[in-house]
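For reference, TrEMBL has these:
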type	residues	note
TRANSMEM	42-63	transmembrane segment
TRANSMEM	83-110	transmembrane segment
DOMAIN	134-247	domain 'Methyltransferase type 11'
Amino acid sequence: MLFRQKVAIFEAGSNMGKRSSSASKDWAQIYAVYGVDQWQTLLFLLSHAFLFSLLSLLFLLYFDPVCGYLEAFLSSPGGARYAAGFAGAVTAISAVCLFFAAANFLYSALPLHQEMAQRMVNAVSDWSAVRNALDLGCGRGLLLNAVATQLKKTGSSGRVVGLAPGKGTALSTLRTAKMEGVHEYVTCREGDVRSLPFPDNYFDVVTSAVFVHKVGKEHGHRTVEAAAERMRVVGELVRVLKPGGVGVVWDLLHVPEYVRKLQELKVEDVRVSERVTAFMVGSHVVSFRKPSQHVAGPGEVRLDWRC
């Protein structure tokens, strides 16, 4: 029996549900609990932004001496002034761009991540029936704790497992769960996302936030090898879902790949959110449901990538 898949566009705040009050935390509150992952990137952006700001200020303060220096290499004073002005403008624009990139990185890592976590939680219609949930690549636990908070609100006896790449990350995640008051709903374990250490058909819900695109990065993001690694992760994600279970993935860049893989795996009710800029690139949330029983036949997917 054939079935027809439709990839729908989520309207912001509608199909994904209303934002909960926890999404209204300010930057300071979120930072106090979770800090910032990849702080080296933020430090790199800010340090270079300040460096280029200083250079542009020096061009402004010492414009005439710079022009005099450039005249030794250029044939005309006019050309020297043009070159000095152009270099000063480029450094100033670079400083602005770097400050903007740093601000976007910080916003994406904290408030936006919190907001998207709430949207992902709201994509699951009934948390009271959830007994086992998995957060793939849980990081410091922002999405993991949002899931745990939802389980606590509904009075569920369920638990959420955070899969971490190492012991240090797992311990950090458990600390944030305790700070959020949901530690009794959270467990963490180490494991390889390309071969999940869980049996088939085990979880009611599987989530992942800005993680899958990192898998296979040692091969280069655009390589066939990296794409194959990411597809293995998507396959594993579907494998551990129970029939009728729901998967929700927020990721950067490669969502069309995931949609194609989900089509091959014959999952149902595939939905793709509107485009959200995160970490200076486009991102989407894709959600789907594992069929209650295997359905043979080709699936049809309509992609509508309105931004």
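Quick reminder: no glycine exception, Cβ is built from N, Cα and C everywhere.
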Residues of the parent chain within Cβ reach of the transmembrane segment (42-63), under 8 Å, 6 or more residues beyond its termini: 36, 84-85, 87-88, 91-92, 94-95, 98-99, 101-102, 105-106, 109
Helix, strand and coil totals (DSSP H, G, I; E, B; other) for the domain 'Methyltransferase type 11' (134-247): 51 helix, 28 strand, 35 coil
Rounded mean pLDDT for the residues that make up the domain 'Methyltransferase type 11' (134-247): 91
